[in-house]
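Lifted from TrEMBL, the feature list:
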{"type": "COMPBIAS", "residues": "13-24", "note": "compositional bias 'Polar residues'"}
{"type": "DOMAIN", "residues": "112-490", "note": "domain 'Amino acid transporter transmembrane'"}
{"type": "REGION", "residues": "1-25", "note": "region 'Disordered'"}
{"type": "TRANSMEM", "residues": "117-139", "note": "transmembrane segment"}
{"type": "TRANSMEM", "residues": "145-169", "note": "transmembrane segment"}
{"type": "TRANSMEM", "residues": "190-210", "note": "transmembrane segment"}
{"type": "TRANSMEM", "residues": "222-241", "note": "transmembrane segment"}
{"type": "TRANSMEM", "residues": "253-274", "note": "transmembrane segment"}
{"type": "TRANSMEM", "residues": "323-344", "note": "transmembrane segment"}
{"type": "TRANSMEM", "residues": "356-378", "note": "transmembrane segment"}
{"type": "TRANSMEM", "residues": "398-423", "note": "transmembrane segment"}
{"type": "TRANSMEM", "residues": "443-463", "note": "transmembrane segment"}
{"type": "TRANSMEM", "residues": "469-491", "note": "transmembrane segment"}
{"type": "TRANSMEM", "residues": "544-562", "note": "transmembrane segment"}
Amino acid sequence: MDEKKKEFAGSPDEQQVAQSTYISPQARLLHDPAVTFEEYQYYARRTREEEKHLESPKLRWREIINRSTNKDARPIEAAADGNVPEVNFAHESDRLQITSDEWTNASRAMRTASSGAAFYLITTDILGPYGVGFAMGTLGWGPGIALYTVFGFMAGYSGYLLWHVFLGLDSYEFPCRNYGDLAFRTWGTTARYATNILQTLGLLLLLGQVTIQYGQNISQVSQFRLCYIICPLLFVIAGFFMTQIRTLKNYGLVANFSVWLTVLVIFITMGVIAHSPPNYAISVLGSAGATVDPTTITPDAQGNYPPVIHYGGLPAANLVGSINGLLSGVLAYAGAQLFVEFLAEMKRPRDFLKAMWGAQFFIYSVYLIYGCYVYHFQGQYSYQISYQGVSVYGWQTAGNMISLITAIIAAGLYGNIGIKVFYNNILMDIFSAPPLVTRRGKIFYAAIVPVWWTIAFIIAAAIPDYFGFVSVISASALLTLTYTLPPLFAVGYDIQNNAHRESEGEGFDPITGKVTRHGTTAQRWMRGLLSGGPVRVAQNVWHVLYFFASLSMCGLGMYAAVEGLVTSFKNPQLNSFSCRSPLNLNA
């Protein structure tokens, strides 16, 4: 493994990257910077060709109960040996003792999910429409509908870009297991570290945010008789068990159930708010009016609340409040950060695109219909968690309890992916932990789950302003992961792909391990940026503009989030390490 790739020039216009002896994929480091873009592409094409002949797995409810009916759970039986060796692939000495078939079989064993599972996983991850009415109240009819439409389409487009890059670089020999792997193979080691840190932090904060939100659910259902610190703790304990589901194929079965429960909550709240007034008392804690103009929710001397009002455009009183409302919308679509993990466990990744666009259209339709409906009936009183803005306690409790089940499933998914990112990039890469497909790997995973949930709970519980917490998460991590990084990865991939000239003898030779390139690195990057015709060039320019526009939105969002937190902390605040519920206005 001490043999490195060497660069030498055959002529001023020709450059070759060569290995003195070909090194097989299983003998490589887990994230070896010596592996070239051309080598990744060569094995990716072979894998995509093999996948064309695989039957797409089916999503069956009975599989989660009776494993004997699950034929797809044994995807490697048709392979050469049919067995994954119980060895630690993170150790170089172990990898050198296994065959190429055993190496690829281990990769195949991780790929069992269907496109149906991907559809339900995406909708579970992103489908959280409860804050759309609130966001509409901070933005107004016109900007709200326009921005939700634009953000919805661009979230789908970002998913398409990730799918495009994944298919070109992932293979059984060199699997892309997480978001950071795309950064590594398009922009190098530093980009991988930055992406992994950002994704891990985002998932950890998102897990904490869900814990606090649904701790409030339990508190409200108990009518504040239960000490508040116990409420999110109960949610965390339930999450310990849900996150023990390791494979995303099995999560797809549970996610199916979660999606339809969410739709049920939507129908319940729509029916109730049409025939009952808003929850006026709770509006001071997180309604659209409290965010953009508190005078619109302040009762008069007789205790009468102002009538419901609507805005056609942006409420002029508070631009920062409108931006924070927009960030709530960003949170609703922020699921692209998990798409690579979904792709990595699909038996046929090509099928992901139809699942992703189908899920995005379903999500967008639900968001817009439900959000406009809530805003129409509740106006400035639209609460950030819509079912808690219902004034009838019985129906409020029904929404809290049903959504609690869906939240545990979604939070389990965030925990599952977050732990895998941490495991694959820290424990395996640095500490040589065993792969998750081995018995010891499964034990390590189970042991990490409670630690991961506890950290998320402590971070979130220490921050008293839930709405400000959501804004910070959206601006700092989720917006970047969903809208900023995908075009950056696409530019890096397309430039290197367009610079390749197979007709001129460039490419990877699998027999010798030699990679032939013509021209210097700068010449190749310029050639890749400007070649391929007007459409390709325009596409590259568009992705660069998309990247910078998204980056500027991150900066604007962080400014608004911080300003919102400063305003919130001017008033006495409670954190979650308390017996008093933040929703209890009479305490």
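Note that Cβ sites are derived from N, Cα and C of the backbone, with glycine treated the same way.
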Inset, instruction - Go through the chain and flag residues at least 6 beyond the ends of the transmembrane segment (544-562) whose CB is under 8 A from any CB in it; none is fine as an answer. - result: 154, 320, 323-324, 326-327, 330, 468, 471-472, 474-476, 479-480, 483-484, 487-488, 491
Inset, instruction - Between the transmembrane segment (222-241) and the stretches 253-274, 323-344, 398-423, work out which stretch tops the count of Cβ pairs under 8 Å. - result: 398-423
Legend entry - Per Cβ pairs under 8 Å, the stretch of 356-378, 443-463, 469-491 packing most closely against the transmembrane segment (323-344): 469-491
Legend entry - Outside the transmembrane segment (398-423), six or more residues from its ends: residues with CB under 8 Å to it: 121, 124-125, 128, 130, 177-180, 196, 199-200, 203-204, 206-207, 210-211, 213-214, 217-218, 220-221, 235, 238-239, 242-243, 245-246, 248, 251, 254-255, 257-258, 261-262, 264-265, 268-269, 338, 341, 387-388, 390, 433, 436, 444-445, 448-449, 452-453, 456
Legend entry - Contact set, same chain, for the transmembrane segment (443-463): CB under 8 Å, 6 or more residues outside the stretch: 204-205, 207-209, 211-212, 229, 232-233, 236, 239-240, 243-244, 246, 415, 418-419, 422-423, 427, 433-434, 436, 469, 575-577
Inset, instruction - Counting only CB pairs under 8 A, let me know which of 117-139, 253-274, 469-491 has the most with the transmembrane segment (190-210). - result: 469-491
Inset, instruction - Using a Cβ-Cβ cut-off of under 8 Å, list the residues of the same chain that are 6+ residues beyond the ends of the transmembrane segment (356-378) and lie near it. - result: 118-119, 122-123, 126-127, 129, 132-133, 135-137, 141, 144-145, 148-149, 152-153, 155-156, 159-160, 163, 263, 266, 269-270, 273-274, 278, 288, 308, 310, 332-333, 339, 386, 389
